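Asker: Okay, so Swiss-Prot annotates it like this:
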DISULFID  C12-C26  disulfide bond
DISULFID  C20-C40  disulfide bond
DISULFID  C25-C54  disulfide bond
DISULFID  C42-C52  disulfide bond
Amino acid sequence: AKDGDVKGPAGCMKYKSGDCRGKTCCDQQYLWYKWRNLACRCFTVEVFKKDCWCNDIS
């Protein structure tokens, strides 16, 4: 495998590739020399503002 390769449904979202709310993150992505499990995670970036992206939950 090489960096950026993914496992998951067609059209799934890669690591930090945009807002994942209501979308499907890839199951896994090859990052930093190993397979990482991805899931949509939301973080408070400012008061009353959340950003959500596909994050490494390995």
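Cβ atoms are placed via backbone N, Cα and C, with glycine included.
Mind mapping these onto the model and telling me what they sit next to?
Answerer: C12 (disulfide bond) falls outside any helix or strand according to DSSP and counts as coil. The C-beta environment of C12 (disulfide bond), restricted to residues of the same chain at least 6 apart in sequence and closer than 8 Å, consists of V6, T24, C25, C26, D27.
Sequence-distant contacts (6 or more apart, same chain, Cβ under 8 Å) of C40 (disulfide bond) comprise C20, R21, K23, C25, C52, W53, C54, N55.
In three-state terms derived from DSSP, C54 (disulfide bond) belongs to an extended strand segment.
In the three-state DSSP classification, C42 (disulfide bond) falls within a strand. Long-range Cβ contacts of C42 (disulfide bond) within its own chain (separation 6+, distance under 8 Å): R21, K50, D51, C52.
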Asker: What is the Cβ neighbour count of C54 (disulfide bond) at a 10 Å cut-off, with all protein chains included?
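Answerer: Around C54 (disulfide bond), other Cβ atoms within 10 Å: 26.
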Asker: In which DSSP state, out of helix, strand and coil, do we find C25 (disulfide bond)?
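Answerer: In three-state terms, C25 (disulfide bond) counts as strand.
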